[in-house]
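A short write-up of the structure that comes next.
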């Protein structure tokens with residue numbers, strides 16, 4: 001494969017670039033979830049309370065953090081569902097510029113907002129950016145060796161761990177004690193790193209269309225890209241397109257292309273369904289149940305309920321990062337992906353029971369189970385995409401990676417809608 005610049009460091013350089021792309025792409029998404037309680041309390045000018053010596057009642061917010069989750073994921077789902085039909089016409093460079101701009105705007109808006117509604121608008125922009133980024137960079141990875149998929153997955157896991165940790169460290173009253181508002185302004189360094197990773201580190205193959213800022217005619221690619229052309233040739237060889245006259249073929253090609261995409265998508269369900277189940281269960285836990293877990297001063301290291309929630313998020317992201325970064329050493333066969341989904345569903349059941357009856361005696365045990373939850377989620381993600389990259393033919397790989405990338409988003413949306421009524425139901429019951 002030809003690249004823009006040669007040299008033996010190419011593979012390593014591209015892996016570093018994809019790691020940074022994964023890190024930066026998911027960073028805003030993670031920070032918004034870690035800041036969920038702070039975002040919901042903007043209207044009330046909430047001041048963080050110290051830990052309670054004894055937890056005898058539930059302290060619930062009117063809105064569940066599941067509402068922040070929905071604002072942080074539904075726009076991404078819309079992008080992932082609609083984009084595969086037209087996004088191939090937008091050069092990767094243009095897509096990257098849009099993603100970086102949306103991320104910068106999201107941090108700025110959440111930082112300057114004084115109301116929950118305006119802050120949620122910033123969350124929506126972050127979601128649009130991360131959704132467009134994921135579908136674009138995964139599609140871009142089809143032009144590189146499979147090792148960049150592992151690097152991307154590790155980077156997204158790193159985004160969770162680093163993003164959640166930085167937010168917790170900066171805002172914890174016992175550590176740096178920076179306000180959530182100023183913390184968001186500090187996060188604006190990420191779009192700069194994001195830009196550097198793509199335009200300065202990544203080696204773009206010469207086969208990739210390049211857009212030039214001063215040449216608007218390069219901002220949109222031709223209607224039929226080289227990859228779609230190769231797919232069309234293959235379909236002709238398989239008899240999907242008959243050798244009729246040119247005019248009739250021109251009228252039917254669009255319809256047959258859509259049918260072909262549907263046929264290619266159906267076999268991907270064996271990858272998608274387990275991943276949907278894993279993400280439904282884990283985000284139902286994270287955004288519907290963890291905010292209901294509160295330990296008193298002696299069993300929670302003296303942390304406030306807000307601080308406990310932030311460090312729960314850090315622990316979860318640590319598990320995700322470790323499992324996403326280990327796929328080059330431990331690979332889970334495709335047939336076992338369903339087992340990961342079953343284990344995560346059992347985790348969801350355990351945390352539901354815990355939220356109602358408070359059966360975990362100390363926060364250390366909660367950290368341990370949350371860490372295991374993160375391991376399962378990260379392992380399911382990276383092994384699913386590696387399986388697609390390995391088992392799908394190269395002609396269909398870019399399309400398949402984009403379709404399967406919808407799975408985690410679908411699961412998270414379902415989790416957000418499930419988390420809110422469960423949160424309200426549990427809050428209405430005595431402790």
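Glycine is treated like the rest: Cβ placed from N, Cα and C.
Long-range contacts of the transmembrane segment (16-36) within its own chain (CB-CB distance under 8 A, at least 6 residues past either end) are made by residues 65, 68-69, 72, 76, 99, 103, 106-107, 110, 122-123, 126-127, 129-130, 133-134, 137, 141, 144, 148-149, 151-160, 162-164, 166-168, 180, 183-184, 187, 190-191, 193-194, 196-198, 201-203, 286-287, 291, 310, 313-314, 317. Annotated transmembrane segment per TrEMBL: 16-36 (among others), in sequence order.
Sequence-distant contacts of the transmembrane segment (118-140), counting only residues of its own chain at least 6 positions beyond either end whose CB sits under 8 Å from a CB of the stretch, comprise 18, 21-22, 25-26, 28-29, 32, 39, 42, 67-68, 71-80, 83-84, 87-88, 92, 95-96, 98-103, 105-110, 149, 152, 208, 385, 398, 401-402, 405, 409. The annotation transmembrane segment is assigned in TrEMBL to 118-140 (among others).
The feature transmembrane segment is assigned by TrEMBL to 147-170 (among others). Sequence-distant contacts of the transmembrane segment (147-170) (same chain, six or more residues past either end, CB-CB distance under 8 Å): 11, 14-16, 18-27, 29-31, 33-35, 137-138, 141, 176, 178, 183, 186, 307, 310-311, 313-314, 316-318, 320-325, 327-328, 374, 378, 381-382, 385-386, 389.
TrEMBL lists 182-202 (among others) with the feature transmembrane segment. Cβ atoms under 8 Å from those of the transmembrane segment (182-202) belong to residues 13-14, 16-18, 20-21, 24-25, 27-28, 31, 35, 93, 96, 99-101, 103-104, 107-108, 110-111, 167, 170-171 of the same chain, restricted to positions at least 6 beyond its ends.
Residues annotated as region 'Disordered' in TrEMBL: 225-253.
Summarising the annotation, TrEMBL assigns compositional bias 'Acidic residues' to 235-251.
Annotated transmembrane segment per TrEMBL: 336-356 (among others), in sequence order.
Per TrEMBL, the feature transmembrane segment maps to 363-382 (among others).
Here TrEMBL flags 402-426 (among others) as transmembrane segment. Note on the transmembrane segment (402-426): residues 58, 60, 64-67, 69-70, 73-74, 76-77, 80-81, 83-84, 87, 131, 134-135, 138-139, 264-265, 268, 271-273, 275-284, 287-289, 291-292, 352, 355-356, 381, 384-385, 388 of its chain, located 6 or more positions outside it, place their CB under 8 angstroms from a CB of the stretch.
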Positions on the same chain near the transmembrane segment (363-382), where near means CB under 8 A and six or more residues out:
149-150, 153-154, 156-157, 160, 274-275, 278-279, 282, 285, 290, 293, 295, 299-301, 303, 308, 311-312, 315-324, 326-327, 332, 337, 340-341, 343-344, 347, 350-351, 354, 408
